[in-house]
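> As annotated by TrEMBL, region 'Disordered' applies to 576-611. Per TrEMBL, transmembrane segment is recorded for 49-70, 82-104, 116-135, 156-176, 196-219, 275-293, 321-341, 353-375, 478-498, 510-530, 542-563.
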Amino acid sequence: MGAALEVCGYPVSIFFIVVNEFCERFSYYGMRAVLVLYFRYFLRFDDDLATSIYHTFVALCYLTPILGAVVADSWLGKFKTIIYLSIVYAIGQVVMAVSAIHDITDTDRDGTPDNLTFVLSMVGLLLIALGTGGIKPCVAAFGGDQFQDHQAKQRSTFFSVFYLCINGGSLLSTIITPILRGQECGIHSQQKCYPLAFGVPAALMVVALVVFIIGSGMYHKTEPQGNIMLDVCKCIGFAIKNRFRHRSSSYPKRMHWMDWAEEKYEKLLIAQIKMVLKVLFLYIPLPMFWTLFDQKGSRWTLQATTMDGNFVRLQNHPTTVNPILILTLVPIMDSVVYPLIKKCGLNFTPLRRMTVGMFLAAMAFVAAALVQIQIDVSVYNTSTLCGSLGWHKEYAAKSLKCVCRYFCLHYKTHKHRFPKHLFLLISRATFTITNGANTCEYSREFGFGSSYTLLIPSHFAWGPTDIQPNSFHMGWQIPQYFLITCGEVVFSVTGLEFSYSQAPSNMKAVLQAGWLFTVAIGNFIVLIVAEIAQIEEQWAEFVLFASLLVAVCVIFSIMAYFYTYMDPAEIEAQFRDKGGKEESDKEELQMQKKDVVDHHNEDDEAKQTKM
């Protein structure tokens, strides 16, 4: 690696990579901050469908890194992979912004998006998932490639700054994009400005791509050297196939089923795979943590829309607490909490920390359930409402779920006969009720976090039966966000550190892929529960998830108790020493054979001389 242009001991190319990461993370988290609201109130999905599609998208974002790593290491290299997939990523963001322009997608001006909107949004999300997931395993590693061997300290600082940029981009985007969404825009009708909320992240992704390309002449670009994940999969596949071929009892058993790969693969590689499989076994319960954690962007966001607070100004919303707490708690945990626990004589191992993190996440959902119960008491007093309407209680409860508590529209209806009960999705409305001969107008403001029912008797005199604006404030969500963020810091950061320490030197990417895969599975679990369980009460669903995580937490703690920590470097050194000794033994044996052959040749020559 040749000398690179440096400033203060750092390669100048690092600047472009850091700026690229900040803009990309702003783009991703900014779009994601309003995504479930876009599903719920622009595309008019119900809560369950909005939640399912949201988590399907997040799951895809954590599945595609495997594809990105294979492409980068086996075919294109990191630099070209980042360039090509960033282009795909930017196109996806632009498509999402276009899909949200209601003047284009609502051609008949009835307030409902056309079918083209759904198609565009799904295509956009698919491209975004491919782009953001594909570059995820490449950018940080590409940044690390820019440093030379004598810059180990600078490389460590780079990764800290890199992580800071991720959370900085997340923090700013979760504040700014919801504010943008809160603006009203449009030519033919004024609606919440989703095009702006998606357009700014799209612009930031284009900026990220341009900045990365500008620095291309300064980068150190390594050629693809083959993907270790493919080698691991091939070795495991051969071991399973070979074991199946020799399943008869006539064949002697081996210490480990991976030992059946010894006929084709080196013992060092097999030993490394054994270490990886040992850690991956511990990963089995982990998806349940992500099942709960990622619902802060779906179920918890929908919960907030039923509470008192100006939700469009999300700087006052607890979602923003998450990145702030991460930036605050990580150094506090490392510098204060963990050393204090150690001084108290407690052996707070990484696996024990992860267990505590899972428990904190479960408690966060208990807190969310308590908040939901209070919301139900404040908003959904269906027994009184149904009594006045004469409607079946179950039907009314389901109808009330369709009420939007903050969707601001100035909506006017003309010459339509209304049904006997109407749930409004607006903050101000003017109604014109007519039977052709008589006309009556009614106009009023609607409070945030409320639902209203207009009763229209047969003689066209009407009277409102209201549920007053919800007085239960969004601030009550802060405890659940605090608990889930504490759980994230203790669980996620520790889990990555544990995985790195237990991974062989050449298989850290394999465990990284396994870790991301647990996130994807966790999101699939959410959509399965949302579509299959069909739990009527939201608080009961929160309690179900909390109970499942507590049960998984107990299982994980038992698995952790029996886990033996490894030193991969020491194990690898032992196998290398054995391999070196075996090699030297082979060389010595060959020398001995050569001496014997030479001795015989000398004897033959002597005999021939005598003859």
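Note that Cβ sites are derived from N, Cα and C of the backbone, with glycine treated the same way.
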> For the transmembrane segment (510-530) and the transmembrane segment (353-375), check the count of CB pairs under 8 Å (sequence separation 6 or more) and say whether it reaches 3 or more.
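With fewer than 3 qualifying Cβ pairs, these stretches do not touch.
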> Go through the chain and flag residues at least 6 beyond the ends of the transmembrane segment (196-219) whose CB is under 8 A from any CB in it; none is fine as an answer.
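Here the qualifying positions are 4-5, 11-13, 15-17, 19-24, 26-28, 30-31, 34, 38, 79, 82-83, 86-87, 89-90, 93-94, 96-97, 99-100, 142, 146, 173, 176-178, 180-181, 183, 185.
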> For the transmembrane segment (82-104), give me same-chain residues lying six or more residues beyond its boundaries with a C-beta closer than 8 angstroms to one of its C-beta atoms, as numbers and ranges.
24, 27, 31, 38, 42, 68, 76, 113, 117, 120-121, 123-132, 134-135, 138-139, 142, 186-189, 191, 194-195, 197-199, 201-202, 205-206, 208-209, 212-213
> With pairs fewer than 6 apart in sequence excluded, do the transmembrane segment (156-176) and the transmembrane segment (353-375) have three or more C-beta pairs that lie under 8 Å?
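Between the transmembrane segment (156-176) and the transmembrane segment (353-375), which are separate recorded stretches, there is no contact, as judged by 3 or more close Cβ pairs.
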> Is the transmembrane segment (321-341) packed against any residues at least 6 beyond its ends, judged by a Cβ distance under 8 Å, and which are they?
164, 167-168, 170-171, 174, 296, 348, 478, 481-482, 484-486, 488-490, 493
